[in-house]
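Student: I have a structure I would like to understand better, so I am pasting it below and will then ask my questions one at a time.
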Amino acid sequence: MVGPAINVRTRLSFSDVNGGEELCLTSAPTSIAGSECGGIEFTKEDVEALLNEKLKRKDRFNLKEKCDNMVEYIKRLKLCIKWFQELESSYLLEQRKLQDELETSEIKSSEMEMIVKNKEEELNSIIVELRKNNAFLREKFTQEESEKLAAVESLTKEKEARLIMERSQASISEELARAQRELSSANQKLSSLNEMYKRLQDYITSLQQYNGKLHTELSTAEDDLKRVEKEKAAMVEDLSMIKGELALSKASQDEALKQKDAMLNEVTCLRREIQQVRDDRDRQLSLVQTLTDEVENCRESAEKYCEELDEMKAKANELEARCSSQSIELKTLQNHLAAAENKLQVSDLTAMETMHEFEDQRRLVSELLARLGDAETKLMEGEMLRKKLHNTILELKGNIRVFCRVRPLLPDERSSPEGNFISYPSSVESLGRGINLVQNGQRHSFTYDKVFAPEATQEDVFVEISQLVQSALDGYKVCIFAYGQTGSGKTYTMMGKTGFLEEKGLIPRSLEQIFQTRQSLQPQGWKYDMQVSMLEIYNETIHDLLSSNRSAPDVLRAENGSPLKPYSIKHDANGNTQVSDLTVVDVRSAKEVSFLLQEASRSRSVGKTQMNEQSSRSHFVFTLKISGVNESTDQQVQGVLNLIDLAGSERLSKSGSTGERLKETQAINRSLSSLSDVIFALAKKEEHVPFRNSKLTYLLQPCLGGDSKTLMFVNISPDSSSANESLCSLRFAARVNACEIGTPRRLTNTRP
């Protein structure tokens, strides 16, 4: 019964090396054929069968047969893991190649985008300039056309006026000849008319007055006609200068023409009346004199009209020449416009080709991203399978798993002149699992189950232990403890930083995962009861951190003043650990446990040393007991989760401890030395292991020598002044990783 992992962070995947084809476990690269695996390939069914394989034993007491079977099984598992590692290395190479291709394609696409943008900006500027020139030329052409039409209209009107004047001159000359003929006849009749002259004298005077009146009206009409012509000329000039008033000028011109026609009609009417008067005065000399004066006036006006006509012809010729030059200029501009349009079409074609290339590059990038995503998915599946195989091998070997974590440099440590003495190998075999330390020019290399660099977050660390925490719900005993010198980040790894959600430690995150998994398993019929206890080992004395009557750290007294019985540690036959009189609290949510953790943190013994402002002066042990039962299958499980924050080892010369701090330092170093003795004895497989030399090792006896799943965090300081302590911690962690404590056993039974 293994629930789903919570907050599992996926690793970066390998690239798809088969050209987009679907990869399975059997799609190993050709380079594996010549490897140590001898061309053997594993399918998903083979791996599952290998994991689910049960050892067949004829005699359950034949340990030699059991060992041979286990060795053979471990060899097959190692062969499978080695095949997966080689497959992983080939996938890494292909992933790097695809990433390089992706980067180059992205660079090319960005360059093409910049070129397309520059081309578009140039073409847009050219188009805008051409449009402005075209609009300006069109306006200029329309203006010249309007001026030309106005000049042509004025020329035709002047020609018509000249024809009218010539016709009127011819008619006047005919009238003069006729008047001369009539004058001769009148002279003949003058004698007869002398008699009538006196009678007609009065009538003549009245007619003269009427004739004078008509002459004044005729002069006013001629003046009005000249004024209308002057207004017409002014309107024509205004029409050529102002385009916006063209319609108004035309209207005023039409009105002027109408007025002119009306005046001409009036003139013709007056002339008819004058003709009638002249008919009446056929026999009078005054009429002849008047007609002679009119002929002279007509000659003068005709001369004036001829001069004006010559001027209008000169203006018309000038306008025609100007119009022809403008037509030539317009044709030139039209040719320029056609050339610009052709250039624009060529640029459009170039832009379209560039866009097509850009689209092809974009499609290629999307295909590469899709292939990369598929490869990441397949790599994640392979990574999960590799972890499962690795955990299976470690459980079968019974070794203690060791994770190494290097904390970041502090601000006052960054200016160290010695530089960085810790490095990490980049080979495929040691990537993420190896660490190198240089001391006195000598290089020391170590390999663990996992190595976390300074930039690793709390989430990254918890992802690696989430499956181990899950095992506690499945009925296993799980123990995780942090080891290292003072100031190396053990308490930060286990507890985190208060008030910052992203920097929560392993203990709060483990509890959140357990309670979330408990909630998800309820639909399957599982019900869990959980109990929490917390204690510290201070100066080889156990203190209950959840006790309500806790007083001085060294002596606990009852209500009557007598000292209480000290806490004692007991182990039963099943490997379960009991601490007498220890406070055990039933919990139902992660919030309740967080509250208890805060209370325990305030009660824990801490102190200030030269190496750490808040140094833990005791070993902190958090225990969560889990009892689960399935209502549908009557299956019962009992798991235990022990999370331990050990006090830091330190040298008296560096810590500067005196008085009470000196006693604490000596007690801490003795307990850690006892832990080292236990690890040495387990590594050498001695018959006697000195678990009882200290309270710490006796409390950890089921975790170090029993059937539990145990993980140790070794915390390292990157400060060059701590190189000796870091090297000692790494060597101790290597010995711990080599210890075999037995195969973990699941505590499960059937409810009666």
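Each Cβ is built from the backbone N, Cα and C atoms, and glycine gets one as well.
Straight out of TrEMBL:
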- GLY484, GLN485, THR486, GLY487, SER488, GLY489, LYS490, THR491: ATP binding site (BINDING)
- 120-343: coiled coil (COILED)
- 399-739: domain 'Kinesin motor' (DOMAIN)
Student: Comparing the binding-site residues GLN485, THR486, SER488, THR491, which residue's C-beta has the most other C-beta atoms within 10 angstroms in this structure?
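Tutor: Compared across GLN485, THR486, SER488, THR491, the most Cβ atoms within 10 Å surround SER488.
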Student: Look at each of the binding-site residues, GLY484, GLY487, GLY489, and point out the one with the fewest other Cβ atoms around it within 10 Å.
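Tutor: Taking GLY484, GLY487, GLY489 as the binding-site residues, the minimal 10 Å Cβ count falls on GLY489.
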Student: Applying a 10 Å Cβ distance cut-off over all chains shown, what neighbour count does LYS490 (ATP binding site) have?
Tutor: 27
Student: Grab the pLDDT values for the domain 'Kinesin motor' (399-739) and give me their mean, rounded.
Tutor: 82
